[in-house]
Every structure is written in structure tokens, then in C-alpha cells.
Amino acid sequence: MSQGEAAGQGAAKPQDQGWAWMVLLAAVVLQGLTLGFPCCIGVFFTDLQHEFQASNSKTSWFPSIMVAVLHGGGPLCSILVKRFGCRFVVMLGGLLSGLGMVSSSFCKSISQLYLTAGLITGLGSCFSFQGGLTALGYYFVRRRTLANATASSGVSLGFTLWPLLSQYLLDEMGWRNTFLIFGGILLNCCVCGAIMRPIQLASGSLPQSAKPKEEPGSRAEEAQLSNGASPHHPTLQQHTKRAKCFQMLQKYLAFDIFCQNKGYQIYTIGVTWMMMGFALPHIYLVPYAIHNGVEERKAALLISIIGLINIFIRPLTGLLSGHRVFTGRRIYLFSLAALLYGLSHFICVISAEFSVLILYCVILSIAMSGIGALTFQVLMDVVEMDRFSSALGLFTILESITLLIGPPLTGLLVDITSDFHYVFYNSSFFLISAALFMGLSFCSLEKKNKLREPSKARLDNPSRHQHSEMSTELKAESQSPPAVEYITSI
């Protein structure tokens with residue numbers, strides 16, 4: 001049995017206790033090293049522009065590629081996790097991240113940074129982050145909401161420490177030596193990966209997702225053979241290849257879930273649209289502050305303020321969303337946080353004074369805490385855990401497309417107009433529209449499901465209405481779930 005299979009077939013004993021807490025600690029550090037790292041790129045934005053004589057649009061491609069690959073490498077990460085296990089993938093990611101940043105310190109052009117810091121470091125961060133997140137899902141079941149929120153506090157630590165460290169090292173030794181040091185720091189992902197040992201199966205326990213299933217391709221082949229077709233027949237071979245291709249897409253990109261699960265469909269589209277504007281403040285806030293006369297150290301401090309507040313707010317958000325009152329309703333908390341995130345940008349547009357920017361960062365941080373703590377928890381609510389890895393793959397590859405094109409397009413707009421306000425106008429538009437779309441769509445879907453349930457109950461059992469209320473509840477529990485579930489509580 002491969003490590004991936006062992007990790008996916010978790011026994012009940014080590015979950016939510018014992019070594020699971022060490023895995024949670026490793027996940028906190030991993031998210032700080034991976035998701036927290038891109039926030040410090042804004043500190044180097046002006047220096048890189050001057051070094052390579054690049055425009056805002058060209059310079060913003062470098063962090064955009066890094067963040068896009070970090071999120072979009074999900075399908076590849078899913079394949080590696082299933083084949084080699086979470087531990088191997090996390091450690092491989094640490095090696096790639098370190099190699100990418102070390103190579104970046106020797107770059108002679110901005111386009112070389114696209115490859116080293118953007119592609120290689122981004123891919124390594126993707127492996128470490130998503131491999132760690134998958135391992136966390138297997139180690140925690142009953143306390144999964146709290147575990148996800150606690151792990152996401154590592155992003156807050158990264159947001160707090162990376163900008164301060166970046167500004168200090170930049171002042172002391174320049175961006176090239178700073179990138180070299182960053183390569184060594186990111187190698188610590190390998191240590192975190194070593195902690196995430198595979199969970200061994202209890203004897204005789206085999207989860208339903210791991211049981212052998214009859215493949216569509218094999219069924220088609222058997223049907224052809226029963227009709228007298230040769231296994232080497234060209235038509236049969238083409239049909240088998242198409243069936244296997246469809247299986248691969250279904251296994252690693254969850255297109256079947258996207259087509260059948262309305263909740264997953266709405267959530268994926270909403271988050272993908274939201275990501276067009278989500279990363280803009282992280283990339284352009286420091287250049288915007290410097291452009292308006294704020295000192296470089298104070299400008300870098302703004303990102304750290306966002307991270308510092310996140311440290312305390314994210315766990316509280318996780319505890320709040322984990323309450324049974326919000327079971328099945330976390331999507332509405334997520335939409336509310338996205339709405340607040342979009343509205344907060346109007347504060348930044350009003351004034352660029354340092355005191356006003358601090359107020360903006362406080363409100364932005366509260367909203368971002370809700371988004372960060374709930375993003376993957378809502379996804380775990382919408383899809384079953386045995387399909388989470390493949391659902392995460394499609395989810396992240398779609399959002400990576402908008403993460404890639406959002407900042408450069410906005411940077412091009414800033415280059416044309418010489419007005420940084422468009423950064424925050426764009427971000428507000430995408431966040432507010434996405435929040436309204438997700439909130440209203442899930443509300444409408446919930447109402448439709450409630451209307452369908454009584455009519456379906458009458459069709460299933462015409463005499464049902466003659467029974468008492470207690471009998472109705474007992475029969476409802478024994479019925480099979482509806483064909484399309486928009487949300488599932490864990």
C-alpha cells in the first residue's frame with residue numbers, strides 16, 4: 001500500500017488527538033511559510049521596478065504567477081498526494097520553494113523572476129500548502145473546523161513577520177541577498193513535512209472511498225468483448241482511452257461534482273470571480289502608500305498590522321463558525337466577510353494618510369480573517385471528504401486563472417492612468433459582486449430544496465401526511481438523501 005493510500009485511509013484512533021496536534025502545529029508553520037510569503041512581495045515592488053526598469057504591469061506579473069501557481073497546482077498536487085502521500089509532497093514542495101528563491105537571487109531580468117520566484121517557488125509552495133491541508137483533513141474530523149481556523153492563523157503569522165523581516169533585510173543587504181536567505185527559510189517546509197506521517201489503517205477497516213470500484217472503461221470493454229469485439233480493435237481502444245481520460249478528469253478535477261453539486265458550482269464560480277480583486281491590496285498597498293508620501297518602513301508595517309490582527313481574529317472566527325447554529329450556514333458568514341472586504345477599500349480611497357491607512361488595515365484584516373478561516377471549511381462542507389482533494393484541485397486551478405490575470409490588468413490600468421485608486425475600485429467591484437452572488441444564490445438554492453422536500457415526501461409515501469409529527473421525523477431520517485445536496489454538515 002502506498003503512503004497516499006495509507007494517508008487517505010485514516011484510522012479513528014489518531015484523529016483529533018495525540019500526534020494530530022503536532023500535525024496541526026506543522027500546518028500552522030506551513031501556511032505561514034507558503035500562503036504568508038507572497039504578502040511581502042510588495043516590499044520589493046519599488047526596488048524591482050528600479051532594478052529592471054519595469055512598469056507596474058510587468059512587475060506585478062512576478063507575484064501574480066507565484067500566487068496563481070500556488071493555487072493552480074492543485075491537480076498535480078492531488079495526483080502526487082494519492083501516489084506518494086502527504087509527507088513526500090510537502091517535503092518536495094519545501095525543496096522547490098527553497099531552490100526557486102535561491103535561483104531568484106541571481107536573476108538578471110524580470111522575466112527570469114517569472115520562472116524562478118514565480119513558477120518554481122509558487123509550485124513548491126503549492127505542494128507544501130495543499131499537501132499539508134489534505135493531511136490536516138485526515139487527522140481531524142470532529143474538530144476539523146477549529147483545526148482549519150487554527151492552521152490558517154499561520155497565514156496571519158506570516159503576514160505579520162514576513163514584511164517586517166523583508167524590510168529589515170532589504171535595508172541591510174539588498175533584495176538579492178534577501179531572496180537568498182528566504183530560500184533557506186522556505187526549506188523548513190521539509191521539516192514540517194517530516195512530521196506528517198501517514199495514518200495507518202486499523203485492522204479490517206476499509207473506507208468506502210478506498211473499496212475497489214468497477215471502472216467505466218472496464219465495463220465498456222466487457223460489453224464490447226461480449227459482442228465479439230477483439231480487445232485490440234481500434235474502436236474499442238479509442239473508447240477505452242476516452243473512458244480513462246474521463247476517469248482522470250473526474251478523479252483529479254472533480255468535473256462530475258461541479259456538474260451535479262449546485263453548491264460546489266456556485267461556490268467555485270463565486271470564489272473564482274472574487275479572486276480577480278482579492279490579491280490587489282496585498283500587492284499594491286505598499287507601493288500606494290509610498291507613492292503618497294508614507295515612509296518605506298511604515299508602509300511595510302501596514303501589511304504586518306493586517307497579519308497581527310489576523311492572529312487573534314481567525315481562531316475566533318473558527319470557533320464562531322464551528323458552533324452548531326452555523327452548521328450549514330457558513331457560506332453566509334463567508335459572503336458577509338467578502339462583502340466587508342470589498343467595502344473596506346473605500347476608506348483607503350478617501351485618504352492615503354498613515355492613520356487612515358491603519359484604520360483601513362484593521363477593517364480589512366477582520367474581513368480577511370473571515371475569508372481565510374472559512375474558505376476551505378466551506379469547501380469541506382459542500383463536498384464529501386473522500387472527494388475533497390479532487391474538488392480542491394478544480395477549485396484552486398480555476399481561481400488561479402483570475403489570480404494570475406487580476407493584478408497585471410490592474411497594473412496596466414495604473415500605468416495608463418497614473419492613479420492607484422483604480423486598484424481599490426477594481427477590488428471593491430469584484431469582492432462585492434462575488435459576495436452578493438454567493439449569498440443570494442445559496443439562499444435561493446436553500447429555498448428550492450425546502451420546497452422540494454415536502455412534495456418528494458408525498459410522492460414517496462402518499463399516506464405520510466396521516467402520521468404524527470414524530471413518525472414523520474423518523475421516516476425522514478431513514479430516507480436516502482436527495483440527488484443533489486448543496487451543503488453537507490460535518
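For all residues, glycine too, the Cβ spot is worked out from N, Cα and C.
Database features (TrEMBL):
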- 20-451: domain 'Major facilitator superfamily (MFS) profile' (DOMAIN)
- 21-45: transmembrane segment (TRANSMEM)
- 61-81: transmembrane segment (TRANSMEM)
- 88-106: transmembrane segment (TRANSMEM)
- 112-139: transmembrane segment (TRANSMEM)
- 146-165: transmembrane segment (TRANSMEM)
- 177-196: transmembrane segment (TRANSMEM)
- 205-235: region 'Disordered' (REGION)
- 211-222: compositional bias 'Basic and acidic residues' (COMPBIAS)
- 266-287: transmembrane segment (TRANSMEM)
- 299-319: transmembrane segment (TRANSMEM)
- 331-351: transmembrane segment (TRANSMEM)
- 357-379: transmembrane segment (TRANSMEM)
- 391-410: transmembrane segment (TRANSMEM)
- 422-445: transmembrane segment (TRANSMEM)
- 453-476: compositional bias 'Basic and acidic residues' (COMPBIAS)
- 453-483: region 'Disordered' (REGION)
Long-range Cβ neighbours of the transmembrane segment (331-351) (under 8 Å; 6 or more residues past either end): 263, 267, 270, 274, 277-278, 281, 285, 288, 317, 320-321, 357, 359-360, 363-364, 366-371, 374-375, 378, 381-382, 421, 424-425, 427-432, 434-436, 438-439, 442-443, 487
Any contact, the transmembrane segment (146-165) to the transmembrane segment (21-45), with at least 3 Cβ pairs under 8 A: yes
For the domain 'Major facilitator superfamily (MFS) profile' (20-451), the mean pLDDT of the predicted model: 83
When counting Cβ pairs under 8 Å to the transmembrane segment (391-410), the leader among 61-81, 88-106, 177-196, 266-287, 357-379: 61-81
